[in-house]
Amino acid sequence: MKFEVIQKSGGSRARLGRLLTPHGVVETPCFMPVGTSATVKAIFPKDLEEEGIKLILANAYHLLFRPGISVIKEFGGLHQFMGWNGAILTDSGGFQVFSLSPFCKIFPEGVRFKSPVDGSFLMLTPESAIHAQMELGSDIVMSLDHCPPWPSKEKDLLEATRRTIQWAKRGKETWMQQQEKLFSKPSASYSLFGIIQGGTDERLRLYCSEELMKIGFDGYAIGGLSVGEPHEESLAVVKTVSSFLDEKAPKYVMGMGQPWQIVQMVDLGIDLFDCVLPTRLARHGSAYVEEGIIHIKNARFRKDGSPLDSRCSCYACRKFSRGYIHHLLKSKEILGIMLLSMHNLLFYNRLMKEIRSFLAHGQWVDFLARWKDKKVTK
């Protein structure tokens, strides 16, 4: 993988970049739609490709259980299995193990947990996490980390941070040993990211950042945010870590993805984002519009003949009214969720295009002013 910073914004850490992957060029700042189980929910892959989306996220934890890494490998890897021609970033599954799995127990070797599918006990290690993602053929592989809950005691935060560093070292060693064996393309084309932990303790975050940079990764992710902490504390962590990290490497904030949060974090120098909100909110009947979020299930939209957003050119906005989509959702028709999901993802994609355009034209400050205080729900 190669990352290029094309242009920086004066008076800000915001930057325009380009990520070169084995499956195409990804322009940054970039938002990754979440395809947890090898699909972005309620969306055809071709629709994402037609809208210029180049990078999506999948999760090794979920794929480990269903259909299984070995099954996907038999199909030729994750790209072939899911019919996706763009790039894929896979999460190691650490967050899901700690947050979703019952009977989770941590050891120096890794984390032991109970399968949500058949109840068997499994062990996820830094080595097995790397192996699984490499066998999937991921363009960007994430190291295994220990994501502590919020709030956590100082002692627990320190232990999780040290464990994350040790696991990152072991993951990097495995990566170096295995990549040429598993990848048919030149190994340098693929990349390994380290994940920075430390809760909202900025000193621990800097300590973790420094140690991961000593190990050396192709990119750096800030994990363990959006787990209940106040947004102001999240933002402070991102600001501190982003200003400390190597400027030549891509920076990724994991799981934080409200539009106004993305704008704030782009201003702090972040390049990559992911979040389940666009499709999750769609499944609950909500749509992103220029003014904020509207809840189409509300009775006031029953006879509304206007499109979801008059400034949007997506298929849902071109062809259908708010009233019709309201009807679909109330009738529990799948089409309603599909239309809202695509609309919301294209809202995000359009936002990222606007961000890149304003950065390219040296007008980032103007764009930032437009988004001030945008946290509206209707």
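Note: Cβ is positioned from N, Cα and C throughout, glycine not excepted.
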Stated Swiss-Prot location of region 'RNA binding', expressed as one of 74-78, 214-218, 279-283: 279-283
Candidate sharing the Zn(2+) site with CYS312, CYS314, CYS317 (per Swiss-Prot), from HIS295, HIS327, HIS343: HIS343
Additional site residue, GLY119, GLY171, GLY224, GLY228 [criterion: listed by Swiss-Prot with ASP91, SER92, GLY93, GLY94, PHE95, ASP145, GLN197 for substrate]: GLY224
Sorted by sequence, non-CYS312, CYS314, CYS317, HIS343 residues with Cβ within 8 Å of centre, Zn(2+): PRO307, LEU308, ASP309, SER313, TYR315, ALA316, ARG318, MET342, LEU346, PHE347
Nearest of the binding-site residues (PHE95, ASP145, GLN197, CYS312, HIS343) to ASP274 (active site, nucleophile), judged by Cα-Cα distance: PHE95
Spatial neighbour of PHE95 (substrate binding site) that is closest, considering only the binding-site residues CYS312, CYS314, CYS317, HIS343 and their CA atoms: HIS343
Substrate site shell beyond ASP91, SER92, GLY93, GLY94, PHE95, ASP145, GLN197, GLY224, criterion: Cβ within 8 Å of Cβ centroid: GLN96, VAL97, PHE98, MET142, LEU144, HIS146, CYS147, ILE195, GLY223, MET254
